[in-house]
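Engineer: I have a structure here, written as structure tokens, and I will follow up with some questions on it.
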């Protein structure tokens, strides 16, 4: 009796254990199915993936377009800056060229003026060949020559001191008659011409090499006045 009861109990326990095990297996299987179903349902389809890819490309495309547009603008700005720089350089070069041309013309003008200076004072003078001596090539006389003015006052007497005011005014009269500036002349001789109010000087024009002998006379309160110029041989 006891053996039958013991076998019965063991069989019952095994049956219960199998039941529990089957239940657990069923639960696990259900969970697996549920999880698999969720994964399958939630996984993106190929169409969705394609749409997402297209959307991403569209979003990136404007950015790329903006980048390309910005790059083009940068290139245009760079070209504009380069063009402006070249224009400024050309303007500066043209300006420098004009300045150089102007300076060159001025130098040429000064040179021409220096070359022609000896003729300016003699332009309207009456010219005769020869003169008071054999070494005179031409004689110039002009009744329109004026006294050159003076800063001296009182009674006048010619002074042949190269540092005196009278000497400076005599050279001024010689320069006026010949057209040779005092800076461009070499005084070969300057002295009395027969009276305290008459003088004569010989000069060399540094620019042309011409020599002139000039006769001058004193006019009260008006200074020295040239009366005759002789070009020497």
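From the backbone N, Cα and C atoms, a Cβ is placed for every residue, glycine too.
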Engineer: Using Swiss-Prot as the reference, determine which range in 21-41, 42-62 is annotated transmembrane segment.
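Structural biologist: Checking Swiss-Prot against the ranges 21-41, 42-62, the transmembrane segment one is 21-41.
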Engineer: Sort out the residues at least 6 away from either end of the compositional bias 'Basic and acidic residues' (135-144), same chain, that have Cβ-Cβ distances under 8 Å to it, and list them.
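Structural biologist: Beyond its ends, the compositional bias 'Basic and acidic residues' (135-144) has Cβ neighbours at 122, 124-129, 177, 213, 227-233.
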